[in-house]
Amino acid sequence: MLFSNIFRSSRLTSRLLAGGTSSSSGRYGHRKSSLALTPEEEPLDSCPRLVSDLKFPNLLPPNPVIKILIAFCKNDPVFEALVNASHRLSLEPTFVKSAESAIDAFQNPSSGGHHIIIVDARYPRTIEAEALGRSIRNSKGSQHTTMVAVVKKSVFEKDDTAVISLLDVGYNRCIIESPHVSICSSELRQIQHSLVRPQNVISTQQALYTALHRSREAVIITDDTLRAQYANRASERVLNMKLDEIVGRSLSDLVTADISNILSHTSRYKDYDGYLTTRRKSQESSQIHVRAVPVSCIGRNPTHLVLILESSSSALVSTNAIGEALQTLPQGKEVPRGSLHSIRRGSFDVRSIASDGLRRTSLAKLSSLPLEAPITKVLSLLAQVQENCSLDEAKLLDRVMEFLKREGLYSPQMKEIRTEDPVATDLIGALLTQGPTNILSSRRSSNDSIIRGGGRPSTGSIVFNKTKESSQLSDLLQTALDWDFEIFKLEDLTEKRPLVCLGLELFRRFDVYNTFNCDEMTFKLWLIEMEKHYHSENTYHNSTHAADVMQATAVYLQQLSNRELKIMDRMDEATALIAAATHDIDHPGRSSAFLCNSDNTLALLYNDICVLESHHAATTFRLTLGDDKINIFKHLDRDMYKLARSIIVDMILATEMTRHFEHLAKFVSVFGTDVESKDPLPPDNDDNQILVRRMLIKCADVSNPTRPLKFCVEWARRIAEEYFMQTDEEKRKNLPIVMPMFDRTTCSISKSQIGFIEYIIHDMMDAWNSFIEMPEIIRYMEFNYSQWKLFEEQGINTLSDIKRKQMSLTEDTASSISLEEKF
């Protein structure tokens with residue numbers, strides 16, 4: 001096996017690192033080896049030998065009592081035969097009668113972790129073997145467990161697809177039912193020798209991975225073409241790259257030297273010892289010492305190379321030299337006489353002298369602080385620049401520094417909206433302001449964007465019958481990552497419970513179960529509970545909107561992955577989908593401003609600040625952590641849980657529309673908006689990754705104007721109805737009216753959409769498209785914008801007008817011209 005041979009070779013490597021001479025001559029070092037020699041005690045360097053011929057000690061695997069978990073719904077003769085066979089082979093059996101009990105038994109920290117799991121797959125209505133297999137495989141520590149399905153004899157003879165489907169979900173083997181103890185004993189013995197024992201050996205190699213990962217020496221393992229297959233943590237320091245930037249890349253992409261010399265040595269079973277120059281990320285090139293040891297895992301030819309990297313002393317010297325040179329540069333207080341600074345200081349302006357002294361004092365205090373923020377560094381650098389500039393330039397820098405010291409650096413003042421568009425003024429003002437007020441006081445919380453959403457979740461548990469609808473549902477889910485995904489068709493097929501169905505599909509596609517080390521059943525119960533807490537009476541903020549945002553998030557994640565920007569790792573993707581699914585949970589169908597004006601308990605709880613988004617985030621974790629059966633975080637260690645929680649909370653809070661321009665300005669300042677650029681700056685630090693995650697969920701939350709027209713119109717109708725209901729209630733209760741123009745008798749829905757696209761959507765989607773290169777969102781947005789203008793000209797404004805237009809759009813769907821043909 002790979003790591004057995006690697007460990008053997010590491011003994012040879014350690015000898016070289018301890019002082020052995022170069023092996024470029026084809027002989028292993030000249031000092032006396034402590035390893036086992038040939039039977040004739042012939043020295044290793046007396047003649048060249050194959051790497052595969054050398055004898056090195058193995059890491060011995062454990063030999064525990066084999067634990068077997070038998071999941072049978074009833075105690076029939078087949079079950080009795082397996083029980084007796086287990087006792088005959090001295091196995092340690094555990095018996096359960098349901099899938100849930102099997103999962104609990106396997107995940108039990110004290111008695112779980114079984115080596116073999118045997119599942120009765122003959123009665124799918126009692127035990128869903130496929131679902132149980134997926135759940136076990138998604139559980140932590142199941143990668144080395146052997147799973148066996150017992151099937152009927154007819155399955156082998158007539159229906160091989162059933163066997164294949166079981167193998168595809170994670171079963172290692174399928175066996176025919178048999179009531180004979182001898183046959184069951186034979187099967188279990190074969191499984192023990194052919195599957196369980198090799199798995200024990202493989203699992204033992206994790207100790208070698210851990211040793212390599214914690215080693216202070218940089219180790220990279222490549223295939224025989226020098227493409228990196230493994231890299232340890234120390235290699236990040238030597239190459240100044242993240243592991244996912246190293247693994248999978250050819251060594252030629254990491255170094256500037258010709259690597260053919262390494263291949264020529266190692267292909268002849270020789271070690272390589274030499275120097276290479278690396279292409280260190282964002283830094284100057286660095287020379288490193290490389291030792292390459294060939295390893296033969298299969299056959300007699302080298303299949304892998306173990307590379308040990310050491311930073312050369314010359315590189316360290318050059319680094320120290322640079323550091324010393326930087327320290328010799330003149331500082332702000334060492335400017336020679338006669339400079340512009342000394343001339344400016346010659347002035348006897350008392351205010352100038354006083355302000356300069358204060359600046360120096362503040363700079364000294366900043367430098368002495370134990371913690372330093374990025375803005376502090378900027379201010380310090382600007383203060384140093386002031387020491388060497390003219391008086392006029394110094395005054396300009398003073399103004400710049402004053403701006404930098406203000407809070408809300410990226411919170412621009414709202415530009416004046418055209419007075420001839422009172423509906424747009426009403427809507428945008430409500431979206432971008434917060435708190436109680438008598439005029440424009442509401443932000444459309446939780447991305448109350450004027451986009452429309454729908455769907456009404458049920459509070460019942462989700463059960464889909466195997467009918468014609470289930471076939472349609474399966475076909476629909478095949479398109480789950482299409483931008484024109486039929487979300488309203490999913491709403492109908494699931495009886496207005498789309499979040500569970502779509503969520504399970506997206507979690508499966510993005511491998512969320514393995515990322516969280518949690519089984520599929522727990523995630524299913526979690527989704528059911530989350531969907532229960534979306535209000536079915538809301539026309540927009542319900543589980544269909546949540547499912548739609550989740551689907552948009554998944555499409556964006558897929559696009560980022562296709563572009564190979566390496567922005568989102570598996571944890572980022574998983575938490576983004578979770579945040580999208582719960583970003584509007586328990587939304588009351590009213591804006592934050594309404595809650596503040598009505599002294600709602602939520603407004604009082606959160607002090608009128610970020611009311612709804614804070615409630616959504618808090619509700620997500622309160623429900624999840626309150627019941628172990630739905631706690632999807634229960635198998636994460638403390639650090640990973642804290643990371644997941646911080647990402648989810650931050651993304652949900654980012655959907656607050658009052659900070660829309662702040663998030664957009666920050667994103668544009670880092671990533672730019674040049675659509676022609678094919679090389680957007682990938683985030684290489686936590687701050688940039690936060691910007692991307694916030695922008696992703698914001699764009700997903702207000703993606704409705706960038707969808708096909710029939711979806712855009714339906715969302716518009718639904719959100720308008722929810723706003724009208726809020727205005728109606730404000731009038732009944734004599735509360736301040738947050739959006740007076742959203743009166744169902746006078747409001748123009750078309751105008752509200754036109755204004756929303758102009759002032760909120762257009763710039764944000766342009767910036768997002770330039771980053772992820774997804775031009776269809778721009779094409780749909782521009783087409784929908786033109787259609788809303790046409791609707792306004794045609795007098796299509798009210799809810800009844802929109803409903804009639806929807807009917808015509810539905811009738812024309814089959815014969816309509818595609819979007820691509822329109823442009």
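In case you wondered, yes, glycine gets a Cβ from its N, Cα and C as well.
What TrEMBL records for His541 is active site, proton donor. Residues or ranges marked as AMP binding site by TrEMBL: His541, Asn542, Ser543, Thr544, His545, Asp584, Asp701, Gln753. The annotation Zn(2+) 1 binding site is assigned in TrEMBL to His545, His583, Asp584, Asp701. Residues or ranges marked as Zn(2+) 2 binding site in TrEMBL: Asp584. According to TrEMBL, the feature domain 'PAS' maps to 204-258. As annotated by TrEMBL, domain 'PDEase' applies to 465-795.
Just so you know, the Cβ of Asn542 (AMP binding site) picks up 28 other Cβ atoms within 10 Å once every protein chain is counted. Looking only at the domain 'PDEase' (465-795), the predicted model's pLDDT averages out at 91.
Looking at Ser543, Thr544, Gln753, the binding-site residues in this record, the fewest other C-beta atoms within 10 angstroms of the C-beta turn up around Thr544. Note: the Cα of the residue listed as 'active site, proton donor' and the Cα of Asp584 (AMP binding site) are spaced 7 Å from each other.
Cα of Thr544 (AMP binding site) to Cα of His583 (Zn(2+) 1 binding site): a span of 12 Å. Across His541, Asn542, Ser543, Thr544, His545, Asp584, Asp701, Gln753, which the record gives as binding AMP, the greatest C-alpha separation is 22 Å.
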